[in-house]
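Novice: The Mg(2+) 1 binding site feature in TrEMBL is assigned to E70, D88, D91, D215. Summarising the annotation, TrEMBL assigns Mg(2+) 2 binding site to I90.
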Amino acid sequence: MQKTWEEIDHYARQWIKEAGTRIRATFAEKLTVETKSHRNDLVTNVDRETERFFIENIRKTFPHHHVLGEEGFGDNITTLEGVVWIIDPIDGTMNFVHQQRNFAISIGVFENGVGMLGYVYDVVQDELYAARKGEGAFLNEKPLAPLEPVSVSEAIISLNATWVTENKRIDPSVLAPLVKDARGTRSYGSAALEMAYVAAGRLDAYITMRLSPWDFAGGLVLVQEVGGIVTNLYGEPLRLLEKNSVFVSKPGLHEEILQKYIHS
Ligand code: IPD
Ligand code: CA
Ligand code: CA
């Protein structure tokens, strides 16, 4: 029989909490750290074990669902048809390795391309940000309030310093004025947490020039559920099977940044 979204949500939360317990237990062990696409792109045995843990559980419980996982243990996804889980077992691996904090498990579950469930779990703080389409978003048991408009002059914007220095993706002079005009800027090193912080009102916007689907899938559902806006830097919808620039923001602020800073 087809499982309901309530049941899928129940299993997802259970697996996320269990994976979190396993990850916390590894803090006492020695990590195996390797590099992937470049010397700062890290992966550990814990990233791989955590992804395998989710995929084994999903395949056993929901054999008709598909999985796109960062570490490659999932399916070779070319279409968004049916139910697709998009998983980043550890978002913020550099923080995981260097700081043992400021990282998260991120999961988005989509049905025919529509975000149905979104989770970002801050493993160290034991904070689960979770959303179900049409049912609101929560931080642990607490409902998250709908996001209110704010202006740049009163906004805290999360942005990596890379994008205002010489880089391959954007002229530094585009975002530098925004950095000057904003009330403050932050950079946490975990896209999923930064999106969850926007959903929770701890940040007003998050801008980055290149993320993979697993970095933003969970946060996308969360932010949309509280009335936030998630697009690429040019105001277009994100493509779930590609890399995108990502611009997450409270309403009002999104239009102000697009009009005054990006399109100027
Ligand atoms: C990274 C983090 C980081 C972002 C990178 C991502 P990972 O994910 O989200 O904040 O700037 O682009 O790759 O590699 O730690 O899962
Ligand atoms: Ca990631
Ligand atoms: Ca990761």
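A Cβ is built for glycine as well, from the same backbone N, Cα and C atoms used for every other residue.
I'm curious about the neighbourhood of these features; can you describe it?
Specialist: In sequence order, D47, E51, I87, D88, P89, S212, W214 constitute the residues six or more apart from E70 (Mg(2+) 1 binding site) in its chain with CB-CB distances below 8 Å.
The number of other Cβ atoms within 10 Å of the Cβ belonging to I90 (Mg(2+) 2 binding site), over all protein chains shown, comes to 28.
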Novice: Beyond E70, D88, D91, D215, what residues of that chain have CB atoms within 8 A of the centre of the Mg(2+) 1 site's CB atoms?
Specialist: I87, P89, I90, S106, A191, A192, S212, W214
Novice: D88, D91, D215: which of these binding-site residues has the highest Cβ count within 10 Å of its own Cβ?
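Specialist: Sorting the candidates by Cβ neighbours within 10 Å, the top entry is D88.
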Novice: What kind of secondary structure is E70 (Mg(2+) 1 binding site) part of, going by DSSP in three states?
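Specialist: Assignment for E70 (Mg(2+) 1 binding site) reads coil.
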